[in-house]
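Feature list (source: TrEMBL):
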DISULFID  Cys33-Cys126  disulfide bond
DISULFID  Cys80-Cys132  disulfide bond
DISULFID  Cys81-Cys134  disulfide bond
SIGNAL    1-24  signal peptide
Amino acid sequence: MKGSHLFLCLFSTSCWLNLMPTAGNKIFHFGSCRISMSVTEIRSGFAAIKANIQARDPIRTLSILSYPHSLHKVKPSDRCCITHQLFNFYVDKVFKHCKTEDSYVNRKISSIANSFLSVKRKLGQCHEQNKCMCGQESTEKFKQILANYEGLNVTSAAIKSLGELDILLDWMEKSR
């Protein structure tokens, strides 16, 4: 009898620990989708290369993510969708075209990309479970971001988007 109580206690503790975010992770609520991610790790990697990346940006008068109303005033019900679209965008377009001659910078970009890939998968699961619905507002906002990106050559657009990563992270943390 004692063994079964001990087993139940250990099993309950194990389940509870698996539900807790790992060190440095935060839980983000995007509509009805909950995602655990380490923004601290991403910010740390980005901070190490931010000056280098932004110095490579040839067009400082244009913004991809800050274009008027791109990420401002997104309804809570649309946050999951636009976040899912943005993580797909960064993984599928931005990180693929951000290569430099500096191996340290490339390693940091790769680390950030791996973190984004992990979150992209989690958001994809929410999307597949219909927890991540796309309304007209999120679709229009993402189309504007894509238009801003596609208005530049691929390399410049990728560098600019990476240089604006703090805008995305700030928006995510504010909408938490």
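Placement of Cβ uses the backbone N, Cα and C atoms for every residue, glycine included.
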Neighbouring C-beta atoms (10 Å sphere around the C-beta of Cys80 (disulfide bond)): 25
CB within-chain contacts under 8 A for Cys126 (disulfide bond), separation at least 6: Phe30, Ser32, Cys33, Ile35, Cys80, His84, Cys132
Residue among disulfide-bonded residues Cys33, Cys81, Cys132 with least C-beta crowding, 10 angstrom cut-off: Cys33
Other CB atoms, at most 10 A from the CB of Cys134 (disulfide bond): 16
